[in-house]
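Below is one structure, written out as structure tokens, with a few remarks after it.
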Amino acid sequence: LSSTKKKKKKRSRNNFSCVVLAGAGVFGHLSDSFLGRKGSLQVVCVLNGVFGMLTAMAPNYWAYAALRLLTGFSAGSVGLCSFVLATEPVGPSRRGAAGMSTFYFFSGGIAALAGIAALFPTSWRMLYVVTSLPSLVFVVAVLPFVSESPRWYLVRRRADDAMRVVRAIASSNGRSIPDDVSLKLDDEGDDDNGAGAGKVVDSSASASGSIIDVFRSRTTRFRLVLSVVINLLASVVYYGLSLNVVNLKTNLYVSVLVNSLAEMPAYLLTALLLDRFGRKPLAIGTMLLSGISCSAGSLIAGAGAMRVARLACGVVGIFGMAATYNLLFIYTAELFPTAVRNAALGCTSQASQMGAILAPLVVVLGERVPFALFGVSGLVGGFLVFCLPETKNKPMYDTMAGLEEGEKTLLK
């Protein structure tokens, strides 16, 4: 009976991850198209809250399972949409710190969830109600005061709306923008009509972006393939080490607590070093740190006092990969132009969910084999990052044409 319950739980987790994977792709595309960053965030938060409330009223298991899948479809895109909305208006010098600060709220939410769950130990229905309400409250009490991304306005050829948001940001910072300043896309010329001499700008082509557009460009196609593989490997290690506590043969609760605490300083260290060393060196260093630590853990037998040594290897491994996992959000967002940024991030988020699906399959391979596979994944991922360009203090391009032209200029 116990074995059957474990299989059902694992199957349920994998099904949920598969639906999250699909939702990330769908809403990633919608965020780049007509819905926008703010519109997509509104939709996913409402769906998340409504489906969660309905789950609390599920009359049977099948209704419960269906509603959980629908919740997964929307919940997987909340972080994606909010992250891009929060970081796109920020300039290069503060973008790394702003991006990393978002993950403290994620960790804080997990910590708060533990406390809320302790208040309702016997009523899972009430727990679903309480944890679903914040999404709806956020839509009503917070989102109306959040502006749409000025970059999204700009790629939709709504320069006046973009300028309105930029002026509002400047005003909130106690500054002002001269009246003669205007905004233009990076694929526009310098003449008065904004399209360049003798150049006709196809607004529909610039305004809309999809994953197909990413694959049409050799530059973004190469970056996307690498980003997908790197995110997949990072996710396998990140989720795998969290689940691998069952193979450490130490106190389960202590192991989970130590792993959780190891993530917090990783966020802080990454935020402090991100703008000093750059995205690429830090991603390489943290992935290699995790890979080397896990490889060492695979060589340690799990008997006697050596259990503690292997636990230490796991803690260092999850420290490194937690830093990498969150850093990749910022790095990936800067690698792609505004027109396709959410579509690309949606694709890499799908790869991360695939890693979450594969992680349990690695954990069941025994005591030492998972550590070896995590080590190989970290090392391979670290070496793959060498092939990506550095994005520190570089502009976030708006269009595919602007990125191509900007990359050519850098190579000259």
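Cβ coordinates are placed from backbone N, Cα and C, and glycine is handled just like the others.
Unlike curated records, TrEMBL annotations are generated automatically.
Taking TrEMBL as the reference, the stretch among 17-38, 149-170, 259-280, 281-302 described by the feature transmembrane segment is residues 281-302. As a quick check, the transmembrane segment (371-388) and the transmembrane segment (97-120) miss the bar of 3 or more Cβ pairs under 8 A, pairs 6 or more apart, so the two do not touch. Through the fold, the transmembrane segment (281-302) approaches residues 230, 234, 237, 241, 247-249, 266, 270, 273-274, 309-310, 313-314, 316-321, 323-324, 327-328, 331, 367-369, 371-372, 374-383, 385-386, 390 of its own chain, all at least 6 residues removed from its boundaries and within a Cβ separation under 8 Å.
Of the recorded ranges 97-120, 126-147, 308-331, the transmembrane segment (224-241) has the largest number of C-beta contacts under 8 angstroms with 308-331. Listed as Cβ neighbours of the transmembrane segment (97-120) (distance under 8 Å, sequence separation of 6 or more from its ends, same chain) are residues 79, 82-83, 86-87, 90, 126-127, 130-131, 260, 263-264, 267, 270-271, 274-275, 326-327, 329-330, 333.
Regional average pLDDT for the domain 'Major facilitator superfamily (MFS) profile' (1-393) in the model is 80.
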